[in-house]
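Some notes on the structure that comes next.
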Amino acid sequence: MNNNTNSNHNDIAPEATITQNTTTSVSNDELQHITNNNNVNVQSYVGPTDSVESSSNTADEENEINSFNAQNVKDYEANVGGELPPDDELSRIESNTELSRRATRSIMNTESLLRTASQSSKPLPPMGGGKEYPPMLGSRDPYVVAFDGPDDPDHPHNYPTWKKILYCASVGLAALSVSMGSAMFSQASADIMQIYHIGWTPATLTTSLFVFGFASGPVIYGPLSELFGRKLVMVPSCLGYVCFSFAVATAKDIQTIMICRFFAGFIGAAPLVVAPAVMADMFNNRYRGTAIAIFSMLLFGGPMLAPILGAFTVKNSALGWRWTSYFCGIIGSLALFMNTFLLQETHHPLILTRRAEELRRRTGNWGIYAPHEELKLSMKEIVENNIARPLKMLFTEPILFLVSLYNAFIYGMLYLFLTAIPLIFLGEYHFVQGVAELPYLAMLIGILIGGGMIMLFEKRYIKAMEDNGGKIIPEKRLEPMMVGGFTFVIGIFWLGWTGNYPQHVHWIVPVIGAAFVGNGLMLIFLPCFNYIIDCYLLYAATALAGNTFIRSAFGAVFPLFARQMFTNLTIKWASTLLGCIGILLLPMPFVFYYYGKSLRHKSKFAFVLE
């Protein structure tokens, strides 16, 4: 049995008949639900949870799971009368008991679980009291709880705007606090070196351990949030982040700092996966892409703002380096308060489960149930679905490996600049600490512009999809990357070669180059996820799990060698090296744009539209 993700809830809809051979084929009409369902965009930061593939499934079982077909929708529309809005397939599925039950079992592979249970040789436990086993219920369908149509006020898509904004603010603040925590402590490295008599690399490890923790944490939190709900995962995560942040601030030795930094990142990582899922729970396809793009800008903005706040904090003699963690803990405490007292559960299956519980209590009919109550999760499944198969897929799928490599390089560059910017403006231009970190604002501006450009490209993508008969076009996701690759390379050379000559070049010139770098980072990073999701669809979560592993490795390692590289090679030549790597990766989106479809034809996991 597989654990599931929010992506999977929407990727398998009644209108899709998808068979898995060498290539997964989807007919034009059957794909409409997929093109309408951009819920998979949450995987940009949701990271890995599962796929509908089961390592123990036979080919027949997989076909049975994936054959949740369009006839169900036709029957439903015939019974209800008229079509439901095409942009709300999830509401349509969940508002019909039969579709809801079958969707949940298909997505979570519950059918194979039930078959395994029925075939078990283990004897049933007795009823007790000498009673015989009661007779089986007839049809279970009348007992399945579902939403009362797509306009059900309990469905998160129908929440009032103020409630959606409040919930987004709650989970968004939690995500911002964690992303800031990844970078703010980097400004304390010099003080850490002096106080604990360690070198630069061990001091930088405090940042790398945090990044590795909060980049790999979603491997666990994704499936947990799908099984137990968003809030039940968010609150303990926020609490753990606050506790370990304060533990870092009060630590007496470097070992405690290292350990607590890792656990602050790992335990506090839930907002990175749950926050986009909450947004996807509440927004339909018309607004979901915008919400996720804004969240992406927020997540990238945290590491840009954090060094500025951290530098001025460390510089202030009344505060000092410990307050970089105190501030993170305080912001995290506010997020903890909001998520504890203001956030309510938005995960659709959990809402139905609670409705079923209330109906059982108030009616006394204990046969009433929600499909989600049939599910369970084991550590074995987490390991298989989120570690073993993603790694296998990463190294056997050329599209996934190369795009993930580009994505990981960009992610590593984000944290490499925590060292590069101060070296240029503190070391070359002799700005004081705090002021030397202000150029991060230029990178932030570039990121915000990049986010706006992605929204414009999203409109182009939707129009191209409509012109193509409503069929999804994965290669169209690469257009922002084509632009971002050039702006990133231009920015790297601009920043490095102008920043190396402070006696001849005004400081504003490399600052402008930093804005180009930020713009390129955003234009490359988010479209990489969307392209992977569109290419692998049913296996998107597994593909993104593999992406997360390589991305977290790059994010953790890059800060460790950044200072030595920029010091030994000088700023201009270190930037040249990075720029040349960017040039080598530059053709990738163009190659996949023109040849991606033929590569997908040869893939065991990707799908091709027929």
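If you go along the chain as it appears here, the first residue is 1 and each next one adds 1.
Backbone N, Cα and C define each Cβ position, glycine as well.
Here's what Swiss-Prot has on this protein:
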CARBOHYD  ASN3  N-linked glycosylation site
CARBOHYD  ASN21  N-linked glycosylation site
REGION    47-74  region 'Disordered'
COMPBIAS  47-58  compositional bias 'Polar residues'
TRANSMEM  165-185  transmembrane segment
TRANSMEM  209-229  transmembrane segment
TRANSMEM  231-251  transmembrane segment
TRANSMEM  262-282  transmembrane segment
TRANSMEM  292-312  transmembrane segment
TRANSMEM  323-343  transmembrane segment
TRANSMEM  408-428  transmembrane segment
TRANSMEM  437-457  transmembrane segment
TRANSMEM  478-498  transmembrane segment
TRANSMEM  507-527  transmembrane segment
TRANSMEM  530-550  transmembrane segment
CARBOHYD  ASN568  N-linked glycosylation site
TRANSMEM  573-593  transmembrane segment
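Among 165-185, 231-251, 408-428, 437-457, 573-593, 437-457 has the largest number of CB pairs under 8 A with the transmembrane segment (507-527). Its own atom aside, the Cβ of ASN568 (N-linked glycosylation site) has 10 Cβ atoms within 10 angstroms in the protein chains shown. Tertiary neighbourhood of the transmembrane segment (292-312): same-chain residues 41-42, 44-45, 172, 175-188, 272, 275-276, 279-280, 324, 327, 414-415, 418, 421-422, 433-434, 436-438, 440-441, 443-444, 447-448, 451, 454-455, 458, 518, 521-522, 525-526, selected by CB-CB distance under 8 Å and a gap of 6+ residues from either end.
The transmembrane segment (165-185) makes contact with the transmembrane segment (231-251), as judged by at least three Cβ pairs under 8 Å among residues 6 or more apart in sequence. For the transmembrane segment (437-457), the list of distant contacts is 187, 289-290, 293-294, 296-297, 300-301, 304-305, 307-308, 310-311, 417, 421-422, 424-425, 431, 479-480, 483-484, 487, 491, 510-512, 514-523, 526-527: same-chain residues at least six beyond its ends, Cβ to Cβ under 8 Å.
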